[in-house]
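Notes follow the structure.
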Amino acid sequence: MSFGSKRHGLFAALTAFVIAADQASKFAVVSLVPLYERIAVVPGFFNIVHYRNPGGAFGLFSDNAGLWMAGIFILVTLAALGLILYLYVQTPPEQPVLAAGLSLVLAGAAGNLIDRLRYGQVIDFLDVYFRTWHWPAFNVADSAITVGMIIFAWHVFFKKTF
């Protein structure tokens, strides 16, 4: 097996693993936690919740999230998936961490796209908070996107990869 095919296999495996973890965790929440309910995991800091987000990241545009907005989110996500794949193809073989970061972003975007296509909105269930201040609920896909974008930004700004 050549390094190129091994590299692509690792990219595909990481992407598939993150999508599977994201979808399995969301399936568990939808099956076990009633909508808008919460389960205290670490009281005063962390809950498992069941929220539905029809908007974008951090609930942006949730108030105007009709059918047309869902269509826009889907189209933007599809364009982003294409861009991520293009960037992956352009990634030098000696940059495996960057490839992994792009895999995380791709998997996260795909995981949330699956939700939009299945439910018309994204399932969020991780609730981190302090006293009465709550970070917007998020999910495994959002976490993967965040970590992947940090890796990507680090490469762009400090490694001058692109």
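Each residue, glycine too, has its Cβ placed from N, Cα and C.
Curation plays no part in TrEMBL annotations; they are all automatic predictions.
The transmembrane segment annotation in TrEMBL covers 67-89, 96-114, 134-158. Residues or ranges marked as active site in TrEMBL: Asp124, Asp142.
Counting only same-chain residues 6+ beyond the ends of the transmembrane segment (67-89), those with a CB under 8 A from a CB of the stretch are 11, 54-56, 61, 99, 102-103, 105-106, 109-110, 112-113, 116-117, 120-121, 162.
The list of residues near the transmembrane segment (96-114) in space but at least 6 beyond its ends in sequence, with Cβ under 8 angstroms from a Cβ of it, reads 7, 10-11, 14-19, 22-23, 26, 74, 77-78, 80-81, 84-85, 87-88, 122, 139-152, 155, 159, 161. DSSP classifies Asp124 (active site) as strand under the three-state reduction.
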